Each structure stands twice: as C-alpha cells, then as structure tokens.
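Visitor: Have a look at this one.
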Amino acid sequence: MSKIQNHQKVVLVGDGAVGSSYAFAMAQQGIAEEFVIVDVVKDRTVGDALDLEDATPFTAPKNIYSGEYSDCKDADLVVITAGAPQKPGETRLDLVNKNLNILSTIVKPVVDSGFDGIFLVAANPVDILTYATWKFSGFPKEKVIGSGISLDSARLRVALGKKFNVSPDSVDAYIMGEHGDSEFAAYSTASIGTKPLLDIAKEEGVSTDELAEIEDSVRNKAYEIINKKGATFYGVGTALMRISKAILRDENAVLPVGAYMDGEYGLNDIYIGTPAVINGQGLNRVIESPLSDDEMKKMTDSATTLKKVLTDGLKALEEK
C-alpha cells in the first residue's frame, strides 16, 4: 500500500442529507484525520464543519473544515454524494440526465486539482454515475468504486434477520445487480452460520413466495422511506463509512459495492453490484458469486437495463 499514509484525508463533495450523514458517521468512527466538505452552498458546509467538530472531543481528533476542489490535491479519498435527490414516485434511473450534468461539473475540477486517490460514488443512479466518473476522470477502474448494492444488501440482511430471528450481521446474503428496480437477491449463495439459507428456509417452512416478498420489500424499501420522510440517508451514509474504512485501513474486506465488470458474470464495460475485495488500492478484485441460472439471467437483464440508460444518458450529455 503506497498511497495511504498515517495522516489520511477525505474530501466529501455534496453536503446534502446523505453527505452530512456520511460525515457524521466518519466523525463517530474516528476515520481519517482530515475531513473536508465541498458543496455549492458554502454556508451549509461551514455550518456542518462547525457542528461536526463539536463531536470530536467525544470521538477522535479530526480536522474538519469547509473547503474547495483544490483541497482534493492531496486527498486519499474523494466521496461524491452531490446530485438531485430522488423524489416520491421517481425512480433512480429517472435522475440520470440531471445528475450526469451535475457530475460532469464535479469530476473535472477534482482531477484538475492533482488528485490521484480513490473515488467513491454514491449519487444516484449510482451504477451509471460511477461509470461516468470513471470515464470523465480517466482513472484506472480499480480507483473508482460505487456504493452500489451496499445499502440494498444491508436491507436484505435486516429483513432476513427478522424473519429467521438472528442478528443481521450473522446473515451472509447479497443483493446484486443494479442499485434500483432490477436488483435481485442472490438467495442461492446466501447463508446463516455457514448453513445455506434455502436449506434453513425449507426446514422452517419459509416458502419461496415468502422469500420473494422479502426481496420485493428490500427493493421497495427506499420508496417507502422517501414517501414517509422525504429521503434516505442514515443507511447509505453508514454504508459509505464502511467502504471508506476498508479503503483507508487497507482491510482487504469483502463488501457489496458497484464494481467495473471485465468479463465477470459474462459482463463487460459496466459498473454493477457484486461482492468485491476493497483495500488501500481501491477495488482489489471482484468476487464472482456462483449464481443460479435464474439469478444469472437477472444479472444479465439488470446489466442490459443499465447499459441502455447509460448509453442514452451519455449521448444526451454530449449533445448539449
């Protein structure tokens, strides 16, 4: 590990609900000695920095301040949460044109600063914006990671934990594919305490229809939260903290993320949700899950959906 040193610096671009939740999670964990907040609304970044620094006596010493894109020059990690929020009744893919425009104004000044660290992207539609960040930046694919299905997989583990009366962190299960409506639960590889989930479900009389209902509830949970409180932010903010921790502490942790496909699952030239090894160099390698035939079809269909929207979105951006 050559880039990550004892003094670690993170720059957050986008200080909305997700960004500020991520910043608070990072402050709580004491991860990174220097944390910079960048947003077009300068007063908010100053206010958040002042508010967050008041948490440091209870957590760990940290220099938190409002900054500019030039502060990215010596950063280890740049986290992008900036973008138009998802509104009630709106899908993540509906956001593509608005947020591709916003992203195009972010990546260039970050790169122009001399930044050579790792990008972590969370703005929606995250798989498409992660791919666009990779394209706009010219960075190696390993140094651009999406939050992908990290939050969705957490939601699945919460739901399965409730169903089978175990702690969510004892459930080894992944949502895969798009972070969005074409995502799916990879039940064939899921387990609890090394025992296959499908075997446990059969023994406990949990039907395939019930498992499908759990999958649907996970897929639609964001819409439920958005309809009730306007946005989701605590879960994704914590998921971003976990990925950041794996990078900054060089953990070689297997996490659900949005990763570039280079032949895995028969896919190429796309970012999509899968387990992967994350360390100080970024995305070390994809863990290609042994999906069932039905799940493999869902993965392919999800990629097809993403590629069409990605192609149309980038074309529209070029025509502007």
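Along the chain as shown, the residues are counted starting at 1.
The backbone N, Cα and C atoms fix where each Cβ goes, and this holds for glycine too.
As annotated in Swiss-Prot:
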type	residues	note
ACT_SITE	HIS179	active site, proton acceptor
BINDING	VAL18, ASP39, ARG44, TYR69, GLY83, ALA84, THR105, ALA122, ALA123, ASN124, SER147	NAD(+) binding site
BINDING	GLN86, ARG92, ASN124, PRO125, VAL126, ASP127, ASP152, SER153, ALA154, ARG155, THR232	substrate binding site
MOD_RES	TYR223	phosphotyrosine
Visitor: Would you count the other C-beta atoms found within 10 angstroms of the C-beta of ARG44 (NAD(+) binding site) for me?
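Guide: So the number of other Cβ atoms within 10 Å of ARG44 (NAD(+) binding site) is 16.
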Visitor: If you count CB neighbours within 10 Å, which one among the binding-site residues VAL18, ALA123, ALA154 has the smallest count?
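Guide: Among the binding-site residues VAL18, ALA123, ALA154, the lowest count of other Cβ atoms within 10 Å belongs to ALA154.
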Visitor: Neighbour count, 10 Å Cβ-Cβ cut-off, for THR105 (NAD(+) binding site): what number do you get?
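Guide: Neighbour count, Cβ to Cβ under the 10 Å cut-off: 10.
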Visitor: Out of the recorded positions listed (VAL18, GLY83, THR105, ALA123, HIS179, TYR223), which are within 10 Å of THR232 (substrate binding site), Cα to Cα?
Guide: VAL18, TYR223
Visitor: How big is the gap, in Å, between the Cα of VAL18 (NAD(+) binding site) and that of ASN124 (substrate binding site), rounded to a whole number?
Guide: 11
Visitor: For the binding-site residues ASN124, SER147, THR232, which Cβ has the most other Cβ atoms within 10 Å, all shown protein chains included?
Guide: SER147
Visitor: Could you check which of the recorded positions (ARG44, THR105, SER147, TYR223) sits closest to ASN124 (substrate binding site), going Cα to Cα?
Guide: SER147
Visitor: If you count the C-beta atoms lying within 10 Å of each candidate's C-beta, which of the recorded positions GLY83, TYR223 ends up with the smallest number?
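Guide: Among the recorded positions GLY83, TYR223, the sparsest Cβ neighbourhood within 10 Å belongs to TYR223.
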Visitor: What's the CA to CA span in angstrom from ALA154 (substrate binding site) over to THR105 (NAD(+) binding site)?
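Guide: Taking the Cα atoms only, ALA154 (substrate binding site) lies 31 Å from THR105 (NAD(+) binding site).
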Visitor: For ALA154 (substrate binding site), just give me the three-state DSSP call.
Guide: helix
Visitor: Let me know the DSSP-derived helix, strand or coil state of the residue listed as 'phosphotyrosine', please.
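Guide: The three-state answer is helix.
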